[in-house]
Amino acid sequence: MDLIGLLKSQFLCHLVFCYVFIASGLIVNAIQLCTLVIWPINKQLFRKINARLCYCVSSQLVMLLEWWSGTECTIYTDPKASPHYGKENAIVVLNHKFEIDFLCGWSLAERLGILGNSKVLAKKELAYVPIIGWMWYFVEMIFCTRKWEQDRQTVAKSLLHLRDYPEKYLFLIHCEGTRFTEKKHQISMQVAQAKGLPSLKHHLLPRTKGFAITVKCLRDVVPAVYDCTLNFRNNENPTLLGVLNGKKYHADCYVRRIPMEDIPEDEDKCSAWLHKLYQEKDAFQEEYYRTGVFPETPWVPPRRPWSLVNWLFWASLLLYPFFQFLVSMVSSGSSVTLASLVLIFCMASMGVRWMIGVTEIDKGSAYGNIDNKRKQTD
């Protein structure tokens, strides 16, 4: 390990990143709370302000990926489609196999200039995660319980609110419903066999109802669906902790722009269309494992400096008073004060580790496991 790599793996560096993220995130959450008074007066202004506030937080994680770890993402796509990216609303269908797949999606959104306006269909539990979950509430993320009887009306109502959104956005949906694991895959393929559907090797059976309602509600304002198939070179298994340690990964993502008019309006036909899409995605993954590349022309969108500038702003604002506080605490010489300081550091470290744990595959959602669910019905 070189000197830079050794430095990146040090706890003190991680402490600095975590402090800046937590402190700035809580400040942003507080400002977002204050902006609620704007909503009844000017809803569109409220949305624009909160998109920028959201960027202040989410771009810090993108900075870690792009500038700290140096991770790169190569896009494989039709050159005729790339001029549309970032210039239109789109529904993004992304496979859900890696711990940092969401972060790669954010990186792409940042390079397209629309990170602050990125939306996602997420499990309701994430709304209670400090900073990120609270921030998402103010930018109209769509939360679901993953119980269709409860979600049918609430998800549709939330989606319809996005029809008059004032800026371009990407709406991400993981149709598999949960992150891929071997256990969940085995159960999912049993369901596929029972329904007479072709088996998938690299994906779970897609849950079609969430996708169908999303397309139905946004059809008139979203001109395309982006089918994104993500993988990593050299069979890497990237983690958020690895990114924090400065480990560099190289992602490859195959992006297909599918015009909305190519997707059936009928719910049953839309469901069949999505199953066919996932069979194609599976074939693309199989080809990638065989050859190491996806179809179409490789393209690397240029890295923008704004995520780094944003982090440097927050660091310069927050670190000086933080270190002043540390010096005063240490110089006090009080054993009680020092013990309190150590306790605060331990609690902060545990809190950040818990938030990182939300992304870890082996500690992820039990959704899709046969022990905690009924058989899939969509």
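Here, residue 1 is simply the first one shown, and the rest follow in order.
Glycine is treated like the rest: Cβ placed from N, Cα and C.
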(Q) Tell me which of 42-47, 66-71, 96-101, 204-209 corresponds to the motif 'HXXXXD motif' entry in Swiss-Prot. (A) 96-101
Q: Report, as numbers and ranges, which residues of the same chain sit near the motif 'HXXXXD motif' (96-101): CB under 8 Å and 6 or more residues beyond its ends.
A: 65, 174, 176, 178-180, 202-204, 230, 232, 237-240, 243, 249, 359-361
Q.
Mean pLDDT for the motif 'HXXXXD motif' (96-101), rounded to an integer?
A. 90
Q. Who are the chain neighbours of the transmembrane segment (311-331) in space, where the CB to CB distance is under 8 Å and they lie at least 6 residues beyond its ends?
A. 16, 19-20, 23-24, 56, 59-60, 63, 337-338, 341
**Q.** DSSP-derived helix, strand and coil totals, residue by residue, for the motif 'HXXXXD motif' (96-101)
**A.** 1 helix, 0 strand, 5 coil
